[in-house]
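S.K.: Quick one: the structure is below, questions incoming.
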């Protein structure tokens, strides 16, 4: 009887140890993915997916997609891509903006949506990490309920920790030139992350990261400057009349966001402005505002991606932990989060003093974060201009306009572009390749 009891206890202990081992094995796990459901044949590039544990107990598990450069991964730059939101999966970058795959826009018929290769991937000349952050975004999750609520400044620290651990497990990339990139809301997080990495390079006891600079597209940078640029932008794009614009300027005096409740005249004209623009697609004012998700609407790809990412065979191929999350959503709009950085301009200044390169680009038909606001905050930094406003060309056609500053900052517009580069991926790719290779746009 005693032997039976001892045997039972021993089996239970062994099972417990096995489960603990599996749990520890999953932390910082990584898998090479050679085939993806929906894509015909083997992948024509090297894809790795995995989790990196963050925090003292590694309670936060951040999921990433890593794609090696198709040119020379031993020497090419390493780019960390952060999608905006906060709470939007980095799959938005991978499948819609600058990755080697995208969704095939077929009408959904109940079967798994298809993936096809792109011609504009940034991985042609750079290795890229697409990171799902903050926790709760994409396939990233927490193993417990005990973790600090994500915030802008907190994410800069978590991302830095992620990079230290990731590079510790991928030491062959530790000497590659490293850049942080992102768009939209990442305009607040990326500059803070760059500063955090820079500071960490001078502290004990981790190897320094070969940080060279950062890239930002239509970046939310300063709430006041960016939001107050929408009305001048709308006027310049003929969305509102001269008379309404003059009335807005006169009564609101440049403050269109935090209007005093007693300023009824300003509020009245802002209501008129909203009536003129509420049926405009803010991300790209040239495109129709879709009523339904149909294949001719740009958001249809988001629907297809949701079906794809929630398919069991896809999750198995990506090696997603079954206990991580329930339904995958592209953007977790109600994610618990503290927006504690109201302006990232001080971070830009500090990063500039530290000598880092930066490329700031704007799709010039974005009403959400208009290029006028981006130009305004760059202008307020009072950097000397070394290459003044000029067109940049693709095949003898104007693709946008650019200006270069003495602090290694390059600003560029993408003609006809929107809030993200999914609207002009080919042009954005050429712009990026020139900049990352040290060539003038």
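Just so it is clear, glycine is given a Cβ too, placed from its N, Cα and C backbone atoms.
The active site feature in Swiss-Prot is assigned to 184, 366, 419. Marked as disulfide bond by Swiss-Prot on the basis of similarity to another entry: 88-331, 252-266, 290-297. According to Swiss-Prot, the N-linked glycosylation site annotation covers 109, 350, 382. What Swiss-Prot records for 1-29 is signal peptide.
For each listed feature, how buried is it and what is near it?
M.R.: Other Cβ atoms within 10 Å of the Cβ of residue 184 (active site) number 24 in total over all chains.
Classification of residue 366 (active site) by DSSP places it in coil, neither helical nor stranded. Around residue 366 (active site), the C-beta neighbours below 8 angstroms that are at least 6 residues distant in the chain are 218, 282, 283, 284, 285, 417, 418, 419.
The secondary structure of residue 419 (active site), as reduced to three states from DSSP, is coil rather than helix or strand.
Around the Cβ of residue 88 (disulfide bond), 25 further Cβ atoms fall within 10 Å across all displayed protein chains.
There are 21 other Cβ atoms within 10 Å of the Cβ belonging to residue 252 (disulfide bond). Secondary structure at residue 252 (disulfide bond), as computed by DSSP, is helix.
For residue 297 (disulfide bond), the same-chain residues that are 6 or more apart in sequence and have a Cβ closer than 8 Å to its Cβ are 288, 290.
For residue 109 (N-linked glycosylation site), the Cβ neighbour count at a 10 Å cut-off comes to 6, with all displayed protein chains included. Look at residue 109 (N-linked glycosylation site): DSSP puts it in coil.
For the recorded site, residue 350 (N-linked glycosylation site), the DSSP three-state label reads helix.
Under 8 Å, Cβ to Cβ, and six or more positions away along its own chain, residue 382 (N-linked glycosylation site) finds no residue. Following the DSSP three-state reduction, the secondary structure of residue 382 (N-linked glycosylation site) is coil.
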S.K.: Once the chains shown are all counted, how many other Cβ atoms turn up within 10 Å of the Cβ of residue 331 (disulfide bond)?
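M.R.: The Cβ of residue 331 (disulfide bond) has 17 Cβ neighbours within 10 Å.
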S.K.: Let me know how many other Cβ atoms fall within 10 Å of the Cβ of residue 350 (N-linked glycosylation site).
M.R.: 16
S.K.: Just jot down the residues in the same chain as residue 266 (disulfide bond), at least 6 apart in sequence, with C-beta under 8 A of its C-beta; none if empty.
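M.R.: Listed in sequence order, they are 248, 251, 252, 255, 256, 259, 260.
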S.K.: Give me the CA-CA distance between residue 184 (active site) and residue 88 (disulfide bond), in Å, as a whole number.
M.R.: 11
